[in-house]
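Undergrad: Quick paste from TrEMBL:
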- 8-13, 33, 38, 86-90, 127-128, 161, 272-275, 342: NAD(+) binding site (BINDING)
- 272: active site, nucleophile (ACT_SITE)
- 328-452: domain 'UDP-glucose/GDP-mannose dehydrogenase C-terminal' (DOMAIN)
């Protein structure tokens with residue numbers, strides 16, 4: 001029996017190992033983490049992350065060949081293959097602060113693997129890491145090997161939250177990078193054989209280590225670039241009277257471009273896009289490529305601009321002030337079908353509204369009040385540290401309420417801001433909502449999921465990203 005251990009029971013490690021266990025019933029798969037609360041969650045009826053289809057996969061395998069444990073050293077020591085899926089936050093101080101990846105947790109994991117290993121191991125990078133991280137890990141393991149031999153592989157994840165289980169079952173590609181030596185290629189084959197249990201061979205790509213590491217950063221940079229591109233066009237659409245949905249549809253019909261990631265919105269979020277682009281920027285600067293660094297930095301610049309532009313539109317439309325006014329925020333997760341709030345645009349929008357002294361009422365079907373308050377109190381980049389190491393203080397006197405449904409959030413509100421594209425927000429009774437709001441009643445649709453004309457017929461003043469402005473908005477300045 002091949003024994004697999006994954007260090008890190010988060011959004012990547014948990015689902016990935018669950019699917020491997022399901023597809024490879026003859027292999028023992030153990031997910032380990034130092035967080036007792038997180039492991040207890042994986043062993044409970046309510047998993048610590050929400051992902052469609054994940055519950056069924058875990059329940060089929062858990063206790064059979066899938067296990068979750070805090071006994072990190074034991075299971076790492078027993079494993080043949082060790083996946084490392086630990087946090088790689090952006091550094092907040094020192095060399096590269098604000099851009100470079102902090103590899104503290106990765107280095108700690110590597111040293112622990114060296115300490116407890118008594119048999120040869122394949123160590124697999126699953127976290128997103130800078131190019132050449134494998135080389136650093138090799139050096140740590142080699143200098144602490146005590147006769148144990150290691151092969152380092154890069155196997156980056158390309159999961160989209162909300163469809164992670166589906167992505168694991170039928171991936172576009174599985175990428176495995178290894179050393180171009182006989183031992184390195186033998187290790188690549190071991191991991192390739194695991195995925196080949198259910199992934200067609202033509203979708204399993206093998207490369208050298210550095211290509212695999214860079215491919216992950218580049219893929220996320222390209223996806224984020226598409227979102228920033230269409231969001232930049234959305235601002236021009238509002239200025240000219242064009243409709244960004246029509247423009248994006250026309251662009252997407254070009255087979256060279258395609259339709260995906262062309263939905264204008266309040267901005268991108270999630271754990272990877274901004275972090276990986278900042279990492280890419282830092283690497284470019286380190287290798288003497290400032291023009292390339294500036295190019296990718298602007299992708300984040302447009303994303304920040306889109307969020308601030310949205311807040312400015314809210315404030316300027318409401319007589320240039322939201323002080324003391326209740327604003328309902330529908331959606332706090334960074335996208336639908338997940339409870340993940342990492343780098344969600346809702347944080348910056350809420351902070352912008354609170355900075356103008358609004359009273360904010362938030363509803364999201366999958367995000368808890370505790371998480372909302374933690375996020376609003378947290379410093380930038382602190383979210384990517386293990387939860388027990390996150391320095392969080394309670395926000396001082398912030399007028400924020402978290403409600404159990406959308407109508408409660410909107411009651412007596414002056415405006416509704418839609419920040420996550422949950423399906424239930426498409427089907428709300430907006431007539432009922434209009435009746436319980438202050439007048440004039442505003443809807444600011446940051447995801448373009450409602451029909452502006454239908455809402456205007458009800459009586460709302462509607463702003464939708466990149467859509468032609470109604471008369472009220474045309475009469476108001478775009479910037480407060």
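Note: Cβ is positioned from N, Cα and C throughout, glycine not excepted.
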Undergrad: Measuring Cα to Cα, how far is residue 8 (NAD(+) binding site) from the residue listed as 'active site, nucleophile' in Å?
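TA: Given the Cα positions, residue 8 (NAD(+) binding site) is 16 Å from the residue listed as 'active site, nucleophile'.
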Undergrad: Let's check the environment of residue 87 (NAD(+) binding site): how many other CB atoms sit within 10 Å of its CB?
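TA: Its Cβ shell of radius 10 Å holds 20 other Cβ atoms.
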Undergrad: Could you state the CA-to-CA distance between residue 11 (NAD(+) binding site) and residue 272 (active site, nucleophile) to the nearest Å?
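TA: About 12 Å separate the Cα atoms of these two residues.
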Undergrad: In Å, rounded, how far does the Cα of residue 87 (NAD(+) binding site) sit from the Cα of the residue listed as 'active site, nucleophile'?
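TA: Just about 11 Å between their Cα atoms.
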Undergrad: Distance between residue 33 (NAD(+) binding site) and residue 272 (active site, nucleophile) at the Cα atoms, whole Å?
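TA: Distance between the two Cα atoms comes out at 21 Å.
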Undergrad: Just to be sure I understand the packing, how many Cβ atoms besides its own are within 10 Å of the Cβ of residue 90 (NAD(+) binding site)?
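TA: Taking all protein chains shown, residue 90 (NAD(+) binding site) has 21 Cβ neighbours within 10 Å.
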Undergrad: Within the chain of residue 161 (NAD(+) binding site), which residues six or more apart in sequence place their C-beta under 8 angstroms from its C-beta?
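TA: Expected: 11, 51, 270, 334, 335, 337, 338, 340.
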Undergrad: Just to confirm: which same-chain residues, 6+ apart in sequence, have a Cβ under 8 Å from the Cβ of residue 272 (active site, nucleophile)?
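TA: Counting only residues 6 or more apart in sequence, the Cβ neighbours of residue 272 (active site, nucleophile) under 8 Å are 128, 220.
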Undergrad: How many other Cβ atoms are found within 10 Å of the Cβ atom of residue 274 (NAD(+) binding site), counting all protein chains shown?
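TA: So the number of other Cβ atoms within 10 Å of residue 274 (NAD(+) binding site) is 23.
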Undergrad: Run through the domain 'UDP-glucose/GDP-mannose dehydrogenase C-terminal' (328-452) and tell me, per DSSP, how many residues are helix, strand and coil.
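TA: Taking the domain 'UDP-glucose/GDP-mannose dehydrogenase C-terminal' (328-452) as a whole: 42 helix, 19 strand, 64 coil.
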Undergrad: Let's check the environment of residue 8 (NAD(+) binding site): how many other CB atoms sit within 10 Å of its CB?
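TA: Result for residue 8 (NAD(+) binding site): 25 neighbouring Cβ atoms inside 10 Å.
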Undergrad: Provide the number of Cβ atoms within 10 Å of the Cβ of residue 11 (NAD(+) binding site), excluding the reference atom itself.
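TA: For residue 11 (NAD(+) binding site), the count of other Cβ atoms within 10 Å is 22.
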Undergrad: What's the number of neighbouring CB atoms sitting within 10 A of the CB on residue 33 (NAD(+) binding site)?
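TA: Here the count is 25.
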Undergrad: Per-residue pLDDT averaged over the domain 'UDP-glucose/GDP-mannose dehydrogenase C-terminal' (328-452) comes to what?
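TA: Taking every residue of the domain 'UDP-glucose/GDP-mannose dehydrogenase C-terminal' (328-452) together, the mean pLDDT is 90.
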